[in-house]
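Here is the structure we will look at, set down as structure tokens.
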Amino acid sequence: MAAGEISTPQEYIGHHLNNLQLDLRTFELVNPHDAPATFWVLNIDSMFFSVVLGLVFLVLFRQVAKSATSGVPGKLQAAIELVIGFVDNNVRDMYHGKSKVIAPLALTIFVWVFLMNFMDLLPIDLLPYIGEHFLGLPALRVVPSADVNITLSMALGVFVLILFYSIKMKGIGGFSKELTLQPFNHPIFIPINLILEGVSLLSKPVSLGLRLFGNMYAGELIFILIAGLLPWWSQWILSVPWAIFHILIISLQAFIFMVLTIVYLSMASEEH
């Protein structure tokens, strides 16, 4: 839908909640206003921005690491050292295993999720306007963490690591006993234990992904509502205070995702 065709606040809000989608059957862009979304579509805007932000993280940290000095650090080096120290302290406090992968993983998760969340602070119409008028894109959403597919995919990656460390530390037999003999240590309760432990295990990635998605989707929606329902001269009254408050939200959600990942992997790494 072109900007000139948007005549009501409802159309404006709906336009900004549509993803740029690729039909995997025809490999053509989907016009969200012509046909409803199906299973065989890929949200390429979410994929694009998540990959780009991941590359920004890698390039930025690599450049700072290559140019780091033992003397008085610059502002960027000092900021990155502060982030690394903060993440490392959390890993030392919460993870009691011996893996050397957890700290880099936690750092990657924290910075990557923060960068994806930070996209919510960009002017709501800036990148969609550029995409529509210069690239001819029918829709564009720029906050990857407001897409449930992205957050659940990240949570699925954490879930795979939970299973990996559980089996690595406890063995197949120990992990099986954990699923079948807890909380009731009697063979007659194996079906009940399996259901309870299975639900508990599956709830970890589901809650991890949906928590991040829900908070970021709500934040994005509030920005869209402010822009769509209020006249331009009064939008600053609400958007600026909400943006300031939203800085806390995007940082907190990145921190929570990181902390829960560390805790889940620490629990999986405990030997029984």
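The backbone N, Cα and C atoms fix where each Cβ goes, glycine too.
Noted in Swiss-Prot for the protein shown:
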type	residues	note
TRANSMEM	41-61	transmembrane segment
TRANSMEM	101-121	transmembrane segment
TRANSMEM	147-167	transmembrane segment
TRANSMEM	221-241	transmembrane segment
TRANSMEM	243-263	transmembrane segment
Interface check, the transmembrane segment (243-263) with the transmembrane segment (101-121), three or more C-beta pairs under 8 A: yes
Non-local residues, at least 6 beyond the ends, that sit with Cβ under 8 Å of the transmembrane segment (147-167): 19, 43, 46-47, 50, 97, 99, 105, 109, 113, 116, 141, 175, 178, 201, 204-206, 208-210, 212-213, 216-217, 257, 261, 264-265, 268-269
Long-range environment of the transmembrane segment (101-121) - Cβ separation under 8 angstroms, sequence gap at least 6: 49-50, 53-54, 56-57, 61, 83-84, 87-88, 90-91, 95, 142-146, 150, 154, 161, 212, 216, 219-220, 223, 243, 246-247, 249-251, 253-255, 257-258, 261-262, 265
